[in-house]
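Take a look at the structure below.
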Amino acid sequence: MSNTETFKFEAEISQLMSLIINTVYSNKEIFLRELISNASDALDKIRYQSLSDPHALDAEKDLFIRITPDKENKILSIRDTGIGMTKNDLINNLGVIAKSGTKQFMEAAASGADISMIGQFGVGFYSAYLVADKVQVVSKHNDDEQYIWESSAGGSFTVTLDTDGPRLLRGTEIRLFMKEDQLQYLEEKTIKDTVKKHSEFISYPIQLVVTREVEKEVPEEEETEEVKNEEDDKAPKIEEVDDESEKKEKKTKKVKETTTETEELNKTKPIWTRNPSEVTKEEYASFYKSLTNDWEDHLAVKHFSVEGQLEFRAILFVPRRAPMDLFEAKRKKNNIKLYVRRVFITDDCEELIPEWLGFIKGVVDSEDLPLNLSREMLQQNKIMKVIRKNLVRRCLDMFNEIAEDKENFKTFYDAFSKNLKLGIHEDAANRPALAKLLRYNSLNSPDDLISLEDYITKMPEHQKNIYFITGESKQAVENSPFLEIFRAKKFDVLFMVDPIDEYAVTQLKEFEGKKLVNITKDGLELEETDEEKAAREKLEKEYEEFAKQLKTILGDKVEKVVVSNKIVGSPCLLTTGQYGWSANMERIMKAQALRDTSMSAYMSSRKTFEINPKSPIIAELKKKVEENGAEDRSVKDLATILYETALLSSGFTLDDPSAYAQRINRLISLGLSIDEEEEAPIEEISTESVAAENNAESKMEEVD
């Protein structure tokens, strides 16, 4: 065929097809769901195009999906009257250009994900090879001729100008040449069951071409005539009777005839137009799966209508788990399908729902929006803003309903707590409502998640604030020296160990009148009695000179050295400034590949070195300073090691780990009575080098 061109599959698509062909996955019926879903998308596109171009439907006015099983030739055909594909579309979409989801799906499959997830990655077409050895795609676009794409998945495909086949007028027909062990999908019952299970709520008619054998009564005229002719010569002449008796004697017989007809499989009207009380759990589950291509049931559903000045209906679903690409920049910002008076408009409308609710899936059908909506109109439309506000409120209602069931809420929180915290960071209007949904482990509840409301209820009467600590992990914060005083006072402290917590608490300043206080920052004022205050002031005076000496040794590494009332057992710790980054935030920002380094210089807080006067180590070091002075080499080494150890225990990282290791090695040598001269000389840390090393940090002082 001179009009045939051969192309090679892009490497990733070849690998994907090989994975599908060789899979031992038993639930192969999902191929039909994927192909029907693609057909529905193609119909959505032509219907949307027809809103601005009335002639788009001229070639074929009816919009439908038709399934035709051909048992004789072992071919299953799925046809739609959608937008169709041009020659270039067939080449690019079905073989040459790999979609971003191709690689993601293969990675997910390699790590044990269910193959029925294929539709979520935009590569559902290739599921056809679960049941077919060869696939043909015949397509006719309004702007091009009719072409046939064909491949047996051997690494290449052909595209041919179709001059001989039946005319499609417009749309696409996929012909699956079925594998010998998959012929059950040519059976009427199997097709009906599969469509009901996966695609019952598709918005377009799904027709099944069925063959029926019907019995028909026909007169035995022909047979009688033949017998008559044969015996005409032999038989004697019989006297003719009148017409009436002749009619009585005429006989009929029953013959079987094969007829072909189309049967509509999805007559159920759109589920969102029905009264919520009439819809069963099974129907919601079926609709959710057909809408999202998920193989699991949803976690929660909210089905409602809004009437009055503005009218719309909606169904919103919370999935059981977060998609793998939930926070990827290129991902669609939401999963809500927007309809206007049952006409599909778009499923990529960023204005419909905020980004932090990007995991919500569902349908919104408005009575008031114009049908010919452009992206610009969507952005500026006041109705959209009202719909958005309503959707957010209903989502919050749904989350509160989930929270009533502890087990369900744990599933929800494990999957979507980051979204709630992103909402707290971005959505000022709903911040108080979102804060009620937050859950944390804490000092007094290390194994249970508690809410902020729970925390306040259990607060002692004299406690004024909500205390929290941020860190890399629960284990890291549980052993933090910052908690020592809180254990002693029996105050609870929330453990915030998700990196996004740092961003959320910068916006969530208080909850129900109680201020949220980070215990790793300076300026922490703990409630104390007059006696405790007098004892603290006495110790501050006693250690004032020692604190000055330590500041001299550490130089610009710290802003100040103070006597602490926060430490019970540890010798010292480091706190950060009120308005700069915490140790945990500093760690997070250092891990950002595209961070603004100039910002780091200002936001990396000046550190306060807090010493515990009741610690034997601090008391002994104070004596050593008084005896030998601040210039003594061992005093400098000990002070620096204390500082670096405090850095680590307070959640910071060391700028020069090798120098720290050398100092520790020197201490080990002393402990083992190894002669110092046997050791390689260790360069002393001068206050000048410390100043140079921390020049960037000093900028913070200028800003303050």
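Cβ atoms are placed via backbone N, Cα and C, with glycine included.
Checking Ser286, Ser290, Ser650 against Swiss-Prot for the annotation phosphoserine singles out Ser286. In Swiss-Prot, the motif 'TPR repeat-binding' annotation falls on 700-704 of the listed ranges 350-354, 535-539, 700-704. Between Ser77, Ser277, Swiss-Prot assigns phosphoserine to Ser277; no such entry appears for the others, which is not proof they lack it.
The range from 597-623, 678-704 that Swiss-Prot describes as region 'Disordered' is residues 678-704. Between the listed residues Ser50, Ser245, Swiss-Prot assigns phosphoserine to Ser245, with no corresponding entry for the rest in that record. Here Ser286 (phosphoserine) is positioned 22 angstrom away from Asp80 (ATP binding site), judged by their C-alpha atoms. Across the motif 'TPR repeat-binding' (700-704), the prediction's mean pLDDT works out to 37.
Distance from the CA of Ser286 (phosphoserine) to the CA of Asn38 (ATP binding site) is 18 Å. Cβ neighbour count within 10 Å across all protein chains ranks Asn38 highest among the recorded positions Asn38, Ser277.
Taking the Cβ of Phe125 (ATP binding site) as reference, residues of its chain lying under 8 Å away and at least six apart in sequence are, in sequence order, Glu34, Leu35, Asn38, Leu94.
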